[in-house]
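Asker: Next up is a structure, given as C-alpha cells.
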Amino acid sequence: MGQPGNRSVFLLAPNASHAPDQNVTLERDEAWVVGMGILMSLIVLAIVFGNVLVITAIAKFERLQTVTNYFITSLACADLVMGLAVVPFGACHILMKMWTFGNFWCEFWTSIDVLCVTASIETLCVIAVDRYLAITSPFKYQCLLTKNKARVVILMVWIVSGLTSFLPIQMHWYRASHKEAINCYAKETCCDFFTNQPYAIASSIVSFYLPLVVMVFVYSRVFQVAKRQLQKIDKSEGRFHAQNVSQVEQDGRSGLGQRRTSKFYLKEHKALKTLGIIMGTFTLCWLPFFIVNIVHVIKDNLIRKEIYILLNWLGYINSAFNPLIYCRSPDFRIAFQELLCLRRSSLKAYGNGCSSNSNDRTDYTGEQSGYHLGEEKDSELLCEDPPGTENFVNQQGTVPSDSIDSQGRNCSTNDSLL
C-alpha cells in the first residue's frame, strides 16, 4: 500500500535536528540507508526466491499438480508479483525519502499492491471452500471441482481483484479533497496514499474483511468436521483391534485396508493444519494494517506514520512466509530439495513408481526407484492412493475413496494435499 494520507513527518529515517554535528548526521544517515537497504533486499530476495521455488515445484512434479495446489500456485503468483513489482519500489520510497517514478507509476504501483493483497485473501477464501467440499462431500469432490473448474475459479479471482483494485484508483475515486492531498497528487515526488473516508472503509471491507470473515467461518466448519472424522476413525480402529485375531488372519487385507484408511485421513488432516497455518499467518500479518487503514481516515494523526509503514511492511513480509510453511509437507519438502540439488532424485516415484489406470487414478506399484536401499521414505509413499473401497471397513465415520456419480463418472478423492 502507499504511505498514509495524514500530516505526520517521515520518521523511519534518523532525525537530523538533534545531531550536534552535520558530519555525524551524514554518517548516521548513510549507515541507516545501508542497513535498511540490505534488510529490504533480503526481504525481496526471500519473497522472489521462495515463491519461484513453489511455482517451479508444482509445474515440474506431476504429483503436486492437484486442485488445491493450483490455488497454492495462484497464491504464490500473488506473492511473487508483490516481491517483484511492489516491495522494491516501496523500499526505494523509504530509502530515498521521496518518490522518483512519477505520478502514473505511483497510482499503478498502489493498484498492484491492492491487487496482490486482494487476490491473496480471495484465494485463501477459495482454498477454505475447496477443503470444505473435500471434507464434507468426499464422494463428489473431484466431480464438483475439477482442474478445469479450478482454473476458471482462479481466473475469476484475479478478474474480481483487478476490478476492485485498479478501477477505483485509476478512476481517482479514492482521492481526498483537503489541501495537503491535492498538493501531493500534483507533485511528481509525492506518493503518499491520501484517501477519502468512503473509499478507505469500502476497499478494506471488500478487499480484506469480507473474504476474511468467509474464510474464518468456512475453515472453522472444516476443522469441526475433520475433528469428528478423527474421533470416528479412533473408534473404528478400537473396534477393529478388538476383533478376533483369527478373523484378521482369514482376511489379512482388512488390517491393511483399515491402516491405509486411517493413514490417508491423518495425512489429510495434517494438510488442513498446514493450510490453517497459512491462513492464520496471513491474517496476523495483514489484519493490523487494515485496522490502522480505517482508523487513520476516521481520526487523522491518531496513528503515527512510521507505525503505518511498519505494519504495511509486516504485510509484505508475509509473502516470504508461505514457502517456509509449505516445507511442512513431505512432498513439497522433497521437491524443494531436489530442485536445489540437495538430494538425489527421490521424486522419480512420481513417474517410475506409479502407473495410471483407465480411471486416471494413480496406483502405487510398491517400488520407488528414487529411494536408495535403507533410506527412510519420509515422503510417506508419495504415490499412495487413498483407501480403496475394496479394503474399506464399512463402519460409521469412514468414507470410501471412490464413488460413481449420477452420470456414471468415477469420483475419486485421490488428491494430494500440499
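Backbone N, Cα and C define each Cβ position, glycine as well.
Grabbed the feature section from Swiss-Prot, which reads as follows:
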type	residues	note
TOPO_DOM	1-34	topological domain 'Extracellular'
CARBOHYD	Asn6	N-linked glycosylation site
CARBOHYD	Asn15	N-linked glycosylation site
CARBOHYD	Asn23	N-linked glycosylation site
TRANSMEM	35-58	transmembrane segment
TOPO_DOM	59-71	topological domain 'Cytoplasmic'
TRANSMEM	72-95	transmembrane segment
TOPO_DOM	96-106	topological domain 'Extracellular'
DISULFID	Cys106-Cys191	disulfide bond
TRANSMEM	107-129	transmembrane segment
TOPO_DOM	130-150	topological domain 'Cytoplasmic'
MOD_RES	Tyr141	phosphotyrosine
TRANSMEM	151-174	transmembrane segment
TOPO_DOM	175-196	topological domain 'Extracellular'
DISULFID	Cys184-Cys190	disulfide bond
TRANSMEM	197-220	transmembrane segment
TOPO_DOM	221-274	topological domain 'Cytoplasmic'
MOD_RES	Ser246	phosphoserine
MOD_RES	Thr261	phosphothreonine
MOD_RES	Ser262	phosphoserine
TRANSMEM	275-298	transmembrane segment
TOPO_DOM	299-305	topological domain 'Extracellular'
TRANSMEM	306-329	transmembrane segment
TOPO_DOM	330-418	topological domain 'Cytoplasmic'
LIPID	Cys341	S-palmitoyl cysteine
MOD_RES	Ser345	phosphoserine
MOD_RES	Ser346	phosphoserine
MOD_RES	Ser355	phosphoserine
MOD_RES	Ser356	phosphoserine
MOD_RES	Pro387	4-hydroxyproline
REGION	398-418	region 'Disordered'
MOD_RES	Pro400	4-hydroxyproline
MOTIF	415-418	motif 'PDZ-binding'
Asker: Considering pairs 6 or more residues apart, do the transmembrane segment (275-298) and the transmembrane segment (107-129) have at least three CB pairs under 8 Å?
Answerer: yes
Asker: For the recorded positions Cys106, Cys190, Cys191, Cys341, work out the Cβ neighbour count at 10 Å and name the residue with the minimum.
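Answerer: It is Cys341 that, of the recorded positions Cys106, Cys190, Cys191, Cys341, has the fewest other Cβ atoms within 10 Å.
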Asker: What's the CA-CA gap between the residue listed as 'S-palmitoyl cysteine' and Tyr141 (phosphotyrosine) in angstrom, rounded?
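Answerer: It is 36 Å, counting Cα to Cα.
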Asker: Can you give me the Cα-Cα distance between Cys191 (disulfide bond) and Tyr141 (phosphotyrosine) in Å, rounded to a whole number?
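Answerer: That separation, Cα to Cα, works out to 47 Å.
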Asker: Between the transmembrane segment (197-220) and the transmembrane segment (151-174), are there at least three Cβ pairs closer than 8 Å, leaving out pairs fewer than 6 positions apart?
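Answerer: Stretch pair touches.
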Asker: Between the stretches 35-58, 107-129, 151-174, 306-329, which one has more Cβ pairs under 8 Å with the transmembrane segment (72-95) than any other?
Answerer: 35-58
Asker: What are the helix, strand and coil residue counts for the topological domain 'Extracellular' (96-106) according to DSSP?
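Answerer: Summed over the topological domain 'Extracellular' (96-106), the classes give 6 helix, 0 strand, 5 coil.
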Asker: What same-chain residues lie close to the transmembrane segment (35-58): Cβ under 8 Å, and 6 or more beyond its ends?
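Answerer: Long-range Cβ neighbours of the transmembrane segment (35-58): 12, 64-65, 69-70, 72-73, 76-77, 79-80, 82-84, 87-88, 91, 94-95, 313, 316-317, 319-320, 322-324, 326, 332, 335-336, 339-340.
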Asker: CB neighbours of Tyr141 (phosphotyrosine) within 10 A?
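Answerer: Excluding its own Cβ, Tyr141 (phosphotyrosine) sees 21 Cβ atoms within 10 Å.
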